Every structure is written in structure tokens, then in C-alpha cells.
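> Following this message is one structure expressed as C-alpha cells.
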Amino acid sequence: MSVTGGMKCVKYLVFFFNFIFWLCGLALIVVGIMVQVSLNKTLKITDPTASAAPIILIGVGVVIFFISFFGCCGAFKENHCMVTTFAVLLSLIVIVEIAAAIVGYVFRNKLSTIVHDSVTEMISKYENGTPEFKEAVDNLQHNLKCCGVNGSSDWKNFTSKGNSVPDSCCKNDTKGCGIGTMTDSDKVYQQGCSAAMETFLKNNILWVIVAAVVIAILQLLGIVFACCLIKGIRDGYEVM
């Protein structure tokens, strides 16, 4: 027996929310892959703990992607078992997300250490690095408008005279602009890339938090509507 009245509206709401979850899962997978590629190739961050966040994003995205399948099919077919499975699994996902948020908050200070160590490693390997590696470091300094780990003086061993920096440290990036201009604040960025990178990440984490809150609210609403639909389906069976 099909659900009727208000339950029919709830049925379509559950279907709609699952479509949104499906898109959220797909978005998390894409974002996780993009962050992972950025960390391992563009920024050359090799600390295993730095890969934890994108891997978790990909994992949660895959799980949400498949859980939404149970919700969509269960709502469309009014299948009590599938809708119940969806509600239980989504509840577990919310619990895991809350736990991940707590862990992230507890270990938030490790971000500075990871960033500092990774940028230090990049700078130290620059001279003997491949053209692709040097390009990654140059892009980092150019895009974040920074120089060295803690400042331009970190490039003191870049040349024998100890007063030059890579051209990517220059405010006006032209060939040879870094020669003899290490301490010239008018020509070379003096801020270190460790601080610049940390600031960049902290500024963008706000958007991640906002997105997480929105997704969490949608998930909670999805659980509520799923529970209502479960009751409606069960009442329909009892009437039969």
C-alpha cells in the first residue's frame, strides 16, 4: 500500500534530500582528490598526516554516495528495509563526522608544524630539484607572495654571495630580479611561506566549516524525514 497525504510529501522530501546527499558525496570525492593532488604534487607536502584530511573526505564522500542510493531507492519504492538502512547508516555518518570534527579541533595546532616542516623540506631541496619541483616551489612563492620558510634570508645559500633569491620571490617577477636583492623589501617579499601558507589555510578553513555545518543540517533533516517515512510505511503495512 502506498503512503498517502502528508507522508507522500515526506516521501518526495526524502528522495530530494538523497539527491542532495548524492551531490554532496560526489562533491566531497572531487574536493578530496583535488586536495590530495595539490598536497602531493603542487605543494610537495609529504607528511603522511597531511594526507589524512583529503583521504577522509574521499572516504566519507564514497560512503555518502552509496548511502544515498538506499535512500533514493527506498523512498521511491517505499521499501521499509532500505529506508531504515539509509536512516541508520546516515546516523552513523553524522556520528563519525562529529568525531572527526572533535579530532580535528584537538589536533589543530599540528597544522603549523606540518606546514613549516613541509615548506622547509621544499626550500632545502630546491637547488638539486627537478624542473617540475622548482616550478612548484616558484609557483608557491609567487602565488602566496612569500619568500623562503621564515623569510627571504632563508635563501642565503642560494648563491655563493649569499644575497640573492629565486626570481619567484620578487614582487615584479622578471628574469634575474632576485640577484642581490635578498633584503630589499621594495623588490622582494620578506614574509616567509610557512606563515603565508598557514594564513591561507586558516582563511579557507572557514568555508570548509560552513559547508560542513550545512551538510550536517541537511543530514539531520534527512534522518528526521526518513524516520517519518519509515513510520508511514509501517502504518501502511498495519492497515493492510
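Yeah, the Cβs are placed from backbone N, Cα and C, and that goes for glycine too.
Here's the feature list from TrEMBL:
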type	residues	note
DISULFID	Cys146-Cys177	disulfide bond
TRANSMEM	12-35	transmembrane segment
TRANSMEM	55-76	transmembrane segment
TRANSMEM	83-107	transmembrane segment
TRANSMEM	205-230	transmembrane segment
> Pick from Cys146, Cys177: which of these disulfide-bonded residues has the biggest number of other Cβ atoms within 10 Å of its Cβ?
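Going through Cys146, Cys177 one by one, the largest Cβ count within 10 Å is at Cys146.
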> Grab the same-chain neighbours of the transmembrane segment (55-76) for me: Cβ-Cβ under 8 Å, and only residues 6 or more beyond its ends, written as numbers and ranges.
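Those are 11-12, 14-15, 17-19, 21-22, 24-33, 35-36, 82-86, 89-90, 93, 96-97, 100, 222, 226, 229, in sequence order.
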